[in-house]
Every structure is written in structure tokens, then in C-alpha cells.
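Student: Here it is, the structure in full.
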Amino acid sequence: MPRALWTAWVWAVISVFTEGASDQASSLSCDPTGVCDGHSRSLNSIPSGLTASVKSLDLSDNEITYVGNRDLQRCVNLKTLRLGANEIHTVEEDSFFHLRNLEYLDLSYNRLSNLSSSWFRSLYVLKFLNLLGNLYKTLGETSLFSHLPNLRTLKVGNSNSFTQIHEKDFTGLTFLEELEISAQNLQLYVPKSLKSIQNISHLILHLRQPVLLLDILIDIVSSLDYLELRDTNLHTFYFSEASISEINTSVKKLTFRNVQFTDDSFVEVVKLFNYVSGILEVEFDDCTHDGVGDFTALTLNRIRYLGNVETLTIRKLHIPQFFLFYDLSSIYPLTGKVKRVTIENSKVFLVPCLLSQHLKSLEYLDLSENLMSEETLKNSACEHAWPVLQTLVLRQNRLKSLEKTGELLLTLKNLNNLDISKNNFLSMPETCQWPGKMKQLNLSSTRIHSLTQCLPQTLEILDVSNNNLDSFSLILPQLKELYISRNKLKTLPDASFLPVLSVMRISGNIINTFSKEQLDSFPQLKALEAGGNNFICSCDFLSFAQGQQALARVLVDWPDGYRCDAPSHVRGQRVQDARLSLSECHRAAVVSAVCCALFLLLLLTGVLCHRFHGLWYMKMMWAWLQAKRKPRKAPRRDLCYDAFVSYSERDSYWVENLMVQELEHFNPPFKLCLHKRDFVPGKWIIDNIIDSIEKSRKTIFVLSESFVRSEWCKYELDFSHFRLFDENNDAAILILLEPIDKKAVPQRFCKLRKIMNTRTYLEWPTDETHREAFWLNLRAAIRS
């Protein structure tokens, strides 16, 4: 018994592990190219069952704690492995040994307290390695990256426990495109630790304090192109001229991101610009200046320029003591070589005239998302301000008058590109003054409703997108590019107004269609973006859009941007894919064909009616319906005649001179109903026939060739037949006045043919000796 229990327990454990492995493997989603996604699946281990077909594996943001030697051994073709944001604390020595094709490895934000070079010894082609955010204090006891000759991007360190950088740490690395070191609590930097790297394109350095910054800078200044300093408090930074002045530097760009300055530390940074002579571009992003701009004039007098800095970018600069800030006149002389300045979202409301005049080399100025108005712009763009300025960006400021803005900028003789978008101009005056060399103007998102002659005729590029324009009727003879998207235009502009236009973006309007003729009218048009409009997919438009292969080379957002809005059955479909029926595309031809078919049908119907007595059948049907409306059987007291006599006019002599004499003068006499004598004058013939038959006990049909040719006799026969079959009585008496061949009876006399086949009839004898018997039989038939 215990043996059986032990066996059951073992099988249960195996079953649990098998089900767990199966569930984890099924939690991955893999596409045919071998890209497997296991991101955020609450996995606690690497799924089993991975094969050589897997080329990219994303297991980030899970709860994996351990990477074993066998977990990835079959993934020999794996190129990308993401294990970031897990709980990994242990990686076995040979976990990555079989991943010889691995190019991208992310182990960031786990719980690794020790790093081993054995992990990477077979990763010869690895290009990207991210080890950020783990718990290690150093980069290991041996050279961690010596087996990674092709590594181009490396990210190491953490914000708390990483405190030391040693000389061996980066041995074996010669060239890196990007190196990120997160060392907010760095306490030890061994000189020349970064010296072994011969070239670093971009170094991102997280330092909380600047104590070791200069030591690091000394090692990399000759091999670094771009230094980015993040999350650093530079209040205590001091630049030692002797440390760096004689070194041949290669740094081209310097970025300060989320860095704090004081007035004194800013002066030290400016000194750095001057001595690290290779710096061409400086960027301050989301920085804080804890000072009032009191830059000691004596200190700055020794610095003639901001080194060779040509581009200065300032974004989101915070100045807590903004209202105590100095006029910055002490730094004016340093700005003479600067060519490009961007000061964005920093509450700038004025550029002093004197500073503008000192910016003698400035070609590009961007003051976006600030507080500039016409009143302050007047002082900033004073006489001799920005003498060589070509591009001015005043996007999203507080400008309100287009006329005044243009007038204030007349001092900028070389200005050719002006961006005043996202200001609230609302309207445009009829005339304006602009600098004489204006070629580009951006008026997008300014809420203007119409365009006037205010725009300069020298424009080559105009952007008026995202406004309230419903038409474009300006003559701009030099305009090459027009951006007029997200307005209310219903059609393309007239090409005669824009003779040299080569680029037009007019998406997001209410244009229903455009034609080949319209596009051909723009002789130099090379790019048209017209998607996002409500196209009516008419036959002509679809024929043009789908039949012009060259159209795809002109329409930059073809085919996905072009959707049908009408007709309803193709709404939402791409214009390229929409199909209309033959009746929609050739309506006139279809209507003509239908009319012709109807005419032929009517003509054929007329011919058939004439040939087969169709009119006669319709009259008979009408009479039949009239008869149906009459009571089925008249009461006995309403019977006025013994018999109604139906005969042809050609047989009237026999009826009136023989039959009437024999029946009405017999004793007792029979009362006959004859149409000549008893029909009510003025009453419709059909009604007379119906009434007479219904008021007679019997109906006598005098059959002859003439009877067969008579339509009225046919009606009388039909109504009698109606009584005969619908009322189940013997009302009909047939008298064959002359021999009639049944086959000769016309088809329309179907009832006569039927009666002659089913009932007996009296035949008028040619032998006078038999006539007495004829009359006797007739009287008996009437009485029955």
C-alpha cells in the first residue's frame, strides 16, 4: 500500500510540473518569423519548449527569478533577448553559452548583485547590453566586457548601490556608439578607467554630485563626441583650467539634463566651454538656475567667447528667483560667435535690444512657447538687432496682430523664414509689410478665417494648416510648397494662382473629389498629400484614381489615406479598392436600355394581344369580375323570363320569326328575353346581359358560325357558364342552328368548346318533318 501511494505522489508531482511548463509555453505568442512575445505574462520562470526557430524573445516585466544553463540552450538562432524588469537574482555561468548569434541582451532592473564575465564569453556578436538598475556595487572582479568586441551600446550602473569604477571595468572595449553610466552615488573613480575606450560617440552620465566629474572628463575629453550629464547638482562644481587646457579635445556637443546651477557654477561651466575648444553645441534641458544672474564681470572678462559654441539650446529652464534676475548684460560679449539659439518654454518675454545687437553671428533664433508680444518684440527686434538672422521662430507666444508683427520685423533685412504659428491672430488685414527677403512663412494654427494680399508675394513656402479657411484664391507667383491641411476647403486651389507649385499638402479638408485635369493644371507638381478628405467615390473619380499608375508617385499618402465617404455601400473602403456597379457608372445607358426593353416589351405585348385577342380577354375578365360581384342566385320572385336567348344578329330572323312564334304563342306560353326587345335603353350592355341572364331560368344559345364570331355572344356564354358551373344548375340550352366543326371554334371560345364536349344540345333539323319534335324537345328543356 505505501508503494502505491508513493507512485501516485510521484505521478502527481510530474503532472503538476508538466502542466506548469505547458501553461508557460502557451503563454508565449510567436509569429512565423520567430518573434515571441511574453511581455507582462506573470511568468516566474523562462518557458520550456523553446526551439531554434525563436529569433526574438521578450520576457520583460514578469516575475522570473532564475536563469538556468538549460533554459535557453536550444535557442541557437536567438538574436534578441529581453529579460528586463523581472526579479532575476541568479544567472548560471553557462546560461547564455549557446546564444552565439545574440546581438541584443537586456538584463536591466533585476536583482543581480554580482556580475560574471562568463555570462558573455561566447557572445562575440553582441551589440547591445543593458545592465542598468540592478543591485551590484561594482562591475565585477574581472574584466566584464573583454569578450565583446562588437559591442556598440552599453548601459551599466544603478541609482543607489553602484559606487565604484575601476580601471579594468571597460577593458576590451574600443569603440562604443552609446555608453550610459548610472552612478548617482559614485564614490570612487580610478583615473584612466574610461581611457581604454578609444572612441565614444555618446556618453550619458548620471551623477548626483560633481566631485568626480572633472576626473571623468579628463579621461574622455579626447575620445568623446557627445557628453550628456543628467540629474546632477552643480552647485559645488569648480573647473580647474590646469587640468584640461592643454589637452586636444574632441567633444562636439554637451547636454545638461535636469541639472541645477548657481550663478558661480554657471561661470565655471562657461569657462569649460572656453577651454574645451571643440564644443560646438550646448543644450540645457529641464534645468534649474538657483541664482539671480549675478555673473561676476571680472571673471567673465577673462573669457572672450563661449569657446567655439555655435548652437545653444535651452528648454524648460526654471529660475525660482525669476523676478530678481539681472539683465544678463555681463554675458552679452560672450555671444558673438553663436549662430543658432533655441530658448523654448522658458517664460521669455523679452530679448533686450543690446543683447540682440551683440548676436552678430546669429542665423537661427527659436523662442517657441514663451511670452513674447508685439510690445516686447519691438524692443527685441530693434535697429541693428540680429543683423544676419535668417530664421525666426515665435511659435505659441502672445502675438495678436499680424500687421504689427510684420511691421516690427522690417529691421531684419536678411530674414527669410518666419514661424509665427499657434498665435491667436484670428484675422488677416488686407495689406501688410514684411522683410524684403521673406521666402517661408508659417501661419498654422492661428485661427485665421481667410487669406488676403497681406501675404508677401516673395513666398516660396507657406504653411496655413489647421485654420478655418474655406477657400484659397491668392496669387503667389513664386510659391513652391503649400501646406493647407486641416481646413475647410472643398476643392483644390486654382492652379493659375500657383504656377510653380511643386508640393501641396491639403489633407483633412472637406474635398469630395479631384480630377486628372486639375492635377495636370499644376505643371510642376511632384508631391500631393490629399488624404483624410471625404471623397465621393463616383465612377469618374474611381476611374481616374484607379487607372492612373503614375498617380501613386505624386500622392505621398496613397493608398491608405484615401477613403470613400459615399456612396454608403463603399464608405470606409480605400479608393484604390472601391468598386461600383454597372448601373451606377453607366446610368444613362442603363436607363436607355431599360426604356428600350420596356418599349419592345410593350410592342411585343401589343402584337401578342392583337394576335391572340388579348384585348378581348381583358374585356371578358372585367365582365367576369362584374359577374362575380352579383349575387350568386336571384330569388325565385325576381325571375321574369323563362329563358334568355343568346343569338347572333345574323340569326335574328330565325329567332324572332320561328322561335318566338313557337314558344311565346304556345299554350301555355313561354316568356323569352330578347336583347332587341327587353334590354333597358341607356344601360350598359354588360349590365343588361348580366341582369337578363340572372332574371331568366334558362339561357338558350343559338349556335352558328355568326355566334362564334360575336363578342357579345361570348360574354353571354361566359355568364351562363358561370351559372352552370358555379351554381351547379342546368341553366344552359344549346341549339345548333347549323353544323359547326368543334375544331373550327376559336381558342378564345374555350367554354363553348367545353360545353359542347360535356353537354347534349338540340340540333335544328333541315328536314321539316322532324321540326315538330325539335320544338317539343325545346319546350321540355325549358320546363325542366
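Numbers here mean position along the shown chain, with the first residue as 1.
Cβ atoms here come from the backbone N, Cα and C positions, even for glycine.
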Student: Taking 221-238, 257-274, 383-400, 761-778 as the choices, which stretch does Swiss-Prot tie to motif 'ATG16L1-binding motif'?
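Tutor: Result: 761-778 is the stretch Swiss-Prot calls motif 'ATG16L1-binding motif'.
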Student: Which residues of the same chain, at least 6 past either end of the repeat 'LRR 7' (200-223), have a Cβ under 8 Å from a Cβ in it?
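Tutor: Cβ under 8 Å, 6 or more out: 157, 159, 175-186, 189, 191-194, 229-234, 236-237, 239-240, 243-244, 247-251, 276.
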Student: Would you mind reading off the Cα separation of PHE349 (site 'Interaction with bacterial lipopeptide') from ASN114 (N-linked glycosylation site), to the nearest angstrom?
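Tutor: Spelling it out, the Cα of PHE349 (site 'Interaction with bacterial lipopeptide') and the Cα of ASN114 (N-linked glycosylation site) are 53 Å apart.
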Student: Which one of these glycosylation sites has the most other Cβ atoms within 10 Å of its own Cβ: ASN114, ASN199, ASN442?
Tutor: ASN442
Student: Do you know the DSSP helix, strand and coil residue counts for the repeat 'LRR 3' (102-125)?
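Tutor: Taking the repeat 'LRR 3' (102-125) as a whole: 4 helix, 3 strand, 17 coil.
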Student: Take the repeat 'LRR 4' (126-150) and count its residues per DSSP category (helix H/G/I, strand E/B, coil), listing them in that order.
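Tutor: Per DSSP, the residues of the repeat 'LRR 4' (126-150) fall into 0 helix, 3 strand, 22 coil.
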Student: Where does PHE349 (site 'Interaction with bacterial lipopeptide') sit by DSSP, helix, strand or coil?
Tutor: coil
Student: Per DSSP, what is the residue count of the repeat 'LRR 11' (309-337) in each of helix, strand and coil?
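Tutor: Tallied per class, the repeat 'LRR 11' (309-337) gives 10 helix, 6 strand, 13 coil.
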